[in-house]
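Lifted from TrEMBL, the feature list:
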ACT_SITE  A:Asp396  active site, 4-aspartylphosphate intermediate
BINDING   A:Asp396, A:Thr398, A:Asp826, A:Asp830  Mg(2+) binding site
BINDING   A:Asp396, A:Lys397, A:Thr398, A:Glu502, A:Phe544, A:Lys567, A:Thr682, A:Gly683, A:Asp684, A:Arg799, A:Lys805, A:Asn829, A:Asp830  ATP binding site
DOMAIN    A:25-83  domain 'P-type ATPase N-terminal'
DOMAIN    A:115-200  domain 'P-type ATPase A'
DOMAIN    A:852-1098  domain 'P-type ATPase C-terminal'
TRANSMEM  A:56-74  transmembrane segment
TRANSMEM  A:277-300  transmembrane segment
TRANSMEM  A:331-350  transmembrane segment
TRANSMEM  A:966-988  transmembrane segment
TRANSMEM  A:1003-1022  transmembrane segment
TRANSMEM  A:1034-1055  transmembrane segment
TRANSMEM  A:1126-1144  transmembrane segment
Amino acid sequence: MATTNSLRVDSRTIYVGHRSSSTNEAFIPPKFCDNRIVSSKYTVWNFLPKNLFEQFRRIANFYFLIIFLVQVIVDTPTSPVTSGLPLFFVITVTAIKQGYEDWLRHKADNEVNKYPVTVLEQGRRIRKESEKIKVGDVVEVEEDVTFPCDLILLQSSRDDDTCFVTTASLDGESNHKTHYTVPDTEKDLETLNATIECEQPQPDLYKFVGRMHIYKNDQEPAVRSLGPENLLLKGATLKNTQRICGVAIYTGMETKMALNYQGKSQKRSAVEKSINAFLLVYLCILVSKALVCTTLKYVWQGKPGQDEPWYNEKTQREKDTNLYLKMFTDFLSFMVLFNFIIPVSMYVTVEMQKFLGSFFITWDKDFFDPEIKEGALVNTSDLNEELGQVEYVFTDKTGTLTQNNMEFIECCIDGFQYKYRDASSDLDGFCVTDGPLNKVQEKAGREELFLRALCLCHTVQVKESSEQGQGQRDQVDGFGLDGEVLPPLREQRGFIASSPDEVALVKGAMRFGFTFLGLESKNMKILTRNNDIEMYELLHVLNFDPVRRRMSVIVRSKSGDTLLFCKGADSSIFPRVRQEEVERIRMHVERNATTDDYLLVVTLGAMCFAVQEEDYAQADAGLMEARLALQDREQKLMAVYNQVETGMSLIGATAVEDRLQEEAAETMEALQGAGIKVWVLTGDKMETAKSTCYACRLFQRNTELLELTVRTLEDGGRRREERLHELLLEYHKKAVQDAPPVKSGVTRTWSSANQDYGFIIDGATLSMVLNSSSESNSSRYKNLFLQICQNCTSVLCCRMAPLQKAQIVKMVKNSKGSPITLSIGDGANDVSMILEAHVGIGIKGKEGRQAVRNSDYAIPKLKHLKKLLLAHGHLYYVRIAHLVQYFFYKNLCFILPQFLYQFFCGYSQQPLYDAAYLTMYNICFTSMPILAYSLLEQHICIEVLLDNAALYRDIAKNGMLRWRPFLYWTLLGVFHGLLFFFGVRFLFSNPALQDNGQVFGNWSYGTIVFTVLVFTVTLKLALDTRHWTWINHFVIWGSLLFYVFFSFFWGGIIWPFLKQQRLYFVFANMLSSVSAWLVIILLILLSLLPEILLVVFHKPRGPRQVELRHIHTFPLYFTHSFSPRFIYLFHFLTVLPLFSLWFWSSLMEPIFNIFIRGI
Amino acid sequence: MMASSYNAKEEDGHHSGASNNGGAGVVKSKKPDNTAFKQQRLPAWQPILTAGTVLPAFFVIGLIFIPIGIGLYVTSNNIKEYEIDYTGADINDACYNCAKNFSWNSTTPCLCSVPFTLEQPFESNVFMYYGLSNFYQNHRRYVKSRDDSQLNGDRSALKNPSKECEPYRTSEGKPIAPCGAIANSLFNDTLELYHIDSNGTRNAIPLVKKGIAWWTDKHVKFRNPGGNSNLTVAFQDTSKPVNWRKPVFDLDPSDPENNGFINEDFIVWMRTAALPTFRKLYRIIQKKPSTTPTLPSGKYVLEITYNYPVRSFDGRKRMILSTISWMGGKNPFLGIAYITVGSICFFLGVVLLIIHHKYDTRNNSADIPS
């Protein structure tokens, strides 16, 4: 058998209806996976182990697990509960969240898997659950039902052997796509005996190759090619067709849809990297603290009588332990004691902040677009803060900067230019604006040919109205009979196509009197100017692809002529037509493209036609052969296409207008004002792209353009490489060396004498720059190129292939300083750059949903980018940066007193605070205020952020998470920690603090320190809060109240489950002491004093002062307007008196005594 | 329906899993709610901390803190305190012999007496403390070496004390009551105070031993097993702590309300000190109803029954007599701290006012030409 011979590993054979092709051969049903969809990660049984494993793979969780285990195994100062409980809490919450999500997935899976479907088995229709479908089953699907698996269409209820589907849930394209049955399959599926050979499952939705062998009673099997047009994808929905039958070829997890939803690589934000760096610092602090304590402990114990005084003997086991082992366990114990310095809860809070914070983007009604009735979409919440850090924006042109709402405005036939005037109907609007008026007759003929070409050369479908197909057809018939009905109906006619310029062309033709009525059983019907209906048999469609940049149709007219119409970009058409015709049209094309009309952007498509009868036979054979190929079908098709599309003659060119997106220019201006460099990456031609850039004000009138395109390279007449080298050096000198150094942070005013440069490069030149012949040149060119680009205000890259776009993004991403990049686009060709950039933004445009699906954020319009970056991004960044710094700070001043206490307790790892406080500090007492802050803070209100784009520069380059602010926060934490500990230490030099002479013990000491700590840390946040909503009030004051109530409660009862009642009435007794009150107030105030002090000096200065005067002052951590040295000085100033107090007290006592006696 | 089953991201964040049930055809209007919260437009108080608002705060803080500080300082200074170190470290000290010849096994108590003179009379109630130095009551091994359930009168814990009490958990096969290192090292020097009046007679000064422990400790946290009557029976089958000279039910045989676990000296000792140098309340000398001062100036003798060794770990023992004010014992720290902080605030307020004033005028003049 032919099929078995050519059977390969990379293809699969399917027996339609499980019928063996011949009886004499043993029929072994091949093994394929079943149709069960498993998107869930866990089952009931493996949930616990698998989820735990996944969670402990995270470094932070693992670290805390280790700490917990150390606590369990080694005799450590704190009970395992103190770190076990938070860890358990974190793990449980995450597990519950993931479990719930998985349950939802299970539910959705079940809904899909248990969905009833009809399967034809031995002529009977059997209802089955969807998951039971096997490869080879013949499945019947009814209208408006989604396909349960990937099917090859065998039979349709429509007469023309087609069916319509919509793939809205797959790629968002809501137009109806036509799919065809396999030719020559019998009407009676019961007797169909066929095998299908097709490639193994692969995720590309738009690619499929296979062939079908049909066996008919001992005849030679007929072979039919199968392509994407025969394949119905799982997830797509059947439309406008009553019922179809198809054979399942890919099932379950092997369907294209399932393959497509397997994750994309995860992006990590710069903030996360900063967190990890800080974490490392704190880990070092932790380890060095533990080391210092361990060392000092053994030094201290070396003195006689210290290690084991008579009142505090060791147990036998302790005495027996090996010294080095003891040292090691001591070290571990210290690690455990200080481990709170690395906050487990920070991870939870950061996650929560990101997750909850991203809702504000989806909720923003400014992002709601009434046209598509959708708002913004957040696909990942990991990158919220990255939106505030963008330095480079890479934008697509078509559909992003422009609306991709094409309108036919003019055309050029045979060298004459026609403009459509918005006059009535008919020919009046179609008037010649230039060129000689002779040869009228010939001209009319060319015109009609041109318009026919417009009507035929496309893949547009006519949208059927809501009425059933039959009624529609009646109406269509009605046109022919009665011309009067025509005009109003004509206007209602809707066209659907994958690309909007096709629709524009068909509509343009309609305005000039040639209406495309639709495709009926491979016949294209058009209504001519004279109200005649012409039929053309559609023989072949040579589909559009971005490499060829053209498409063709081959049709046979009534008269039997075979015609090939081809349309495409001028650059791809001109080389393929007879050269003498080109010149006249080229002139128009180029003039059009450089039109300086401000709001219009014009794209041109040139159209041409040709082909004779004898060529057709050959072409047909070639096409059929290529389509049947199982291997390398793409390449073979491409070769045939190229072969067919030659020797054509040019009929004319069209101009299609595309408007700029709403507020595109304002958005671009705002981005540039924010210090963001905008690069336009487009596949379009240079002239069009350039005029778009002018229209968007990316290029100004006075911008000097540095062009590096094929044209400039060919100017000199020398070798391109040499010229490239020369130009690069020249531009580099101009833009980099001669340019005055730009001071960072200073607004570049457009009117200044500073010359602005714009840089233009095209795809061909770019590949020369990137892939230069010699290796050394390549890196040097790349460097020069990057330096030039970085000194230009905007860069335009035209004629880019999708992959080149990603290449550019990658190059900039990896350049010096690794700037944060953002890509924005709407089409499938932008996906690669969206995935490559740090942040990928999809526009919910007209070119399907692929960009949206692969993006991190999706917005309906370009103009929303402004608010997304300037307001949301800025706020998110400030919030999370503050969150991170604050977390480290509050844990540093939490644990520092505990560290200092070791010096006073014989390095015995005695905790300063009670276990309850150790556990609850990060979970309950201080977590909520910072979470509320990190969700609600608006240090500058949104309107001001939007109005002053320059504010965005304040946080550029991860400004709030660099080492300097980190050092500031760390020093603040150290300062507070020292203050808390020593303030109370001096108080406890006489522990008789109550007015009845009774004394306080060590737990009172810890409680006083802890009270000061909780209050200071919370009030510090209160000081930083610039936006007090009721939630902030509630949470901040609520936390403090909760602490007080909890302390009373915790100390108010003899807890039966506790081994030691350490805190019994400690808090209440503390509050009964006036001295404790006084020291608490004093220490809180003294800690916050430097902060308050800074405010006075923190009035913004310089040129920004005026515009900022109406805004609230900057938060205190903005240190650039105020020298940090000054801040440290102030801290020092306040620390100094405290530490000298002890010495003063002895010095000053006599002076005070004299003073007081004097009174 | 099917798409949402895969699009976990979308589902996780923003749609409930079932939102797409109707298939692709149903387009739900997703217009976001126009609520103040969702649009981040909650009414908010936006405090503007400027020099204008902060400067008065500095003055206010200064004006409040300085008087408080002076008050605290005066109060602290008015507290009378007298301290005697009776460790006996020096050969000239009265207790030198007791300290030197200390032995756990000696049956005869070593007595020594330290004479001293009070220059000023002590008015009102006088509190007698003992102080220890270089004694690590806050050592971890020490702090945890106790069984609070046992001390709370739990019978099972009495018979089977917590493991934390090791190595002071059992002795001679019987559980120790009270167990643990803290109880074992109970301070057991006896201090007596005598006033020597002008004609040379020694008058014992009455020392009150009640009211020295926290009320809640005495009445709730510490309890004798089976009530306060018949402690001998209650503590049957238990052993006394190794270093004790008498069992727990003999701590104060004269007063059943102060015996056993609820002995106040014991409770005070059980509250572990925060720092290695500490003092603990020992006795209270109540003021006399007449106008005569509680401790008139003059000569006194402190009689010590020297039972507690501290030389082995370089410790010191002190006896402190102190009066008490509303802020507790004598401690100049708070007063000085308040005065210092208050003055710094005030001073900074003045300096900042000057700077701010100058800065503002310069600023205004700079604004005019622009």
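For all residues, glycine too, the Cβ spot is worked out from N, Cα and C.
Structure with TrEMBL features highlighted.
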residue	record	DSSP (3 states)
A:Asp396	active site, 4-aspartylphosphate intermediate	coil
A:Phe544	ATP binding site	strand
A:Thr682	ATP binding site	coil
A:Lys805	ATP binding site	helix
A:Asp826	Mg(2+) binding site	coil
Top Cα neighbour of A:Thr682 (ATP binding site) in the set of recorded positions A:Asp396, A:Asp826, A:Asp830: A:Asp396
Positions on the same chain near the transmembrane segment (A:1003-1022), where near means CB under 8 A and six or more residues out: 886, 889-890, 893-894, 897, 911-914, 917, 921, 925-926, 929-930, 933, 976, 980-981, 983-984, 987-988, 993, 1036, 1039-1040, 1043, 1047, 1062-1063, 1066-1067, 1069-1070, 1076, 1079-1080, 1083-1084, 1087-1088, 1091
Least surrounded among the recorded positions, given as A:Asp396, A:Asp684, A:Asp826, A:Asp830, when other CB atoms within 10 Å are counted: A:Asp684
Rounded inter-Cα distance in Å - A:Thr398 (Mg(2+) binding site), A:Lys805 (ATP binding site): 14
Cα separation, A:Phe544 (ATP binding site) to A:Asp830 (Mg(2+) binding site) (Å, whole number): 17
Within 10 angstroms of A:Asp396 (active site, 4-aspartylphosphate intermediate), Cα basis - binding-site residues out of A:Phe544, A:Lys805, A:Asp826: A:Lys805, A:Asp826
C-alpha spacing of A:Asp826 (Mg(2+) binding site) relative to A:Lys805 (ATP binding site), in angstrom: 14
Integer Cα-Cα distance in angstrom, A:Asp684 (ATP binding site) to A:Asp826 (Mg(2+) binding site): 14
Alpha-carbon spacing, A:Asp826 (Mg(2+) binding site) to A:Phe544 (ATP binding site), which is rounded to whole Å: 18
Surrounding CB atoms that lie within 10 Å of the CB of A:Phe544 (ATP binding site), all protein chains: 17
Three-state composition of the domain 'P-type ATPase N-terminal' (A:25-83), taking helix and strand from DSSP: 29 helix, 0 strand, 30 coil
Cβ neighbour count (within 10 Å, all chains shown) around A:Thr398 (Mg(2+) binding site): 29
Local confidence of the domain 'P-type ATPase C-terminal' (A:852-1098) - pLDDT mean: 91
Other C-beta atoms that fall within 10 angstroms of the C-beta of A:Lys805 (ATP binding site): 28
Protein Cβ atoms within 10 Å of A:Thr682 (ATP binding site), excluding its own: 27
DSSP-assigned states of the domain 'P-type ATPase A' (A:115-200) in counts, ordered helix, strand, coil: 10 helix, 41 strand, 35 coil
